[in-house]
Amino acid sequence: MSNNTNKQYTTQELNSMSNDDLARLGTELDDVTIAYRKERFPVANDPAEKRAARSVGIWAALGILGGIGFLITYIFWPWEYQGHGDDGLMWYTLYTPMLGITSGLCIISLGIAGVLYVKKFIPEEIAVQRRHDGPSEEVDRRTLVALLNDSWQTSTLGRRKVLQGLLAGGAVMAGLTIVAPLGGMIKNPWRPQDGPMDVMGDGTLWTSGWTLQEQGVKLYLGRDTGAIAESHTGESGQHWITTGVSRLVRMRPEDLAAASMETVFPLPAEDVNDGDLYDPQRDVYTNHMHSIHGPRNAVMLIRLRTADAERVIEREGQESFHYGDYYAYSKICTHIGCPTSLYEAQTNRILCPCHQSQFDALHYGKPVFGPAARALPQLPITVDEEGYLIADGNFIEPLGPAFWERKS
């Protein structure tokens, strides 16, 4: 070991040293000695050196190609969403995998090139560092402990138990906040529910109770009567009887006055229990409540004045969705899903009270004010042979606010 590690060198002495001398001095100042060093290719123009350089160059070139491929994919690949059955679905499906493949090729190839360069070109050496036995000097230990104690005492945190608990809880919650997003990988949000589709849809954003119409189920426009189960108190305590209670009933056109609105829900034919089909022994209350609680089931049935109906502007492809003066629009606002529960008969505007979006009922539910950007979806309706209003099809677009997979 050099005896000059503690020497104070002047500028002139340092200037007189070569680069090798300065490098050796630097290691000695850290108590490190280079005991052995061997060049990988001591002979000039060694064929093995050329092969090593070629292998490193190949991996580096692959990394560059991967980076270029990533940029080309990111900029020019058809990334716009395509639904099932649409042209270009395969290209859209490959967009994210191609980003991963090209970026992975770039990073891994450059990493391999770096490792190979170190293994094949950096000289092989053995370095020895002096081991410092025993603890640090007493003065270093005492002063370090004193500084830590002083920091703790001057912070006054030791006597603030409430703040200690809050800070500790905040640290725990911060950790959970970092880990919690991983929960999105546990459940597939597009996996349909177990079992067949019911009056609440299949659990995905594409469906609602009205989707049952596509499966051949006859759906009436059900009016909510507000009927509730009857309460009875017996020896076993209070219980509720739902037999014979019909929460939803069918509607005829004459049940709705001009310039008025009614909220309706999908009522499957098998769950009808009103009028000439009423049976006091049937229990359909639970099914009716499921329809009412369906997250995208609520529909506004609007009857326009005859004069107003003559001024309606139909949406292209939806000219036959109405029945006379009757128009049915989804009650789920296209902004963030609030209920558009207000209808202004004088102006024929549908209002969302949450964020003040307004939709023109005479212009296919087009937004005319507020943050909503899309028209309210329209439900095709007609009447059956008995004169009851029924759904004449399903909505032709997803209901509610926008989400990543929808096109508009």
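Using N, Cα and C of the backbone, Cβ positions are placed for all residues, glycine too.
As annotated in Swiss-Prot, C354 shares a disulfide bond with C338, one of the listed residues C333, C338. Non-local neighbours of the transmembrane segment (166-186) in the same chain are 157; each lies 6+ residues outside the stretch with a CB under 8 Å from one of its CB atoms.
For C354 (disulfide bond), other Cβ atoms within 10 Å of its Cβ number 16. Cβ neighbours of C338 (disulfide bond) (same chain, under 8 Å, six or more residues apart in sequence): I332, C352, P353, C354, H355. Residues C333, H335, C352, H355 make up the record's [2Fe-2S] cluster site, and a Cβ search at 8 Å around their centroid adds T334, I336, G337, C338, T340, C354, Q356, S357, G370, P371, A372 from the same chain.
In the shown protein chains, 27 other C-beta atoms lie within 10 A of the C-beta of C333 ([2Fe-2S] cluster binding site). Taken residue by residue with DSSP, H355 ([2Fe-2S] cluster binding site) is part of neither helix nor strand, so it is coil.
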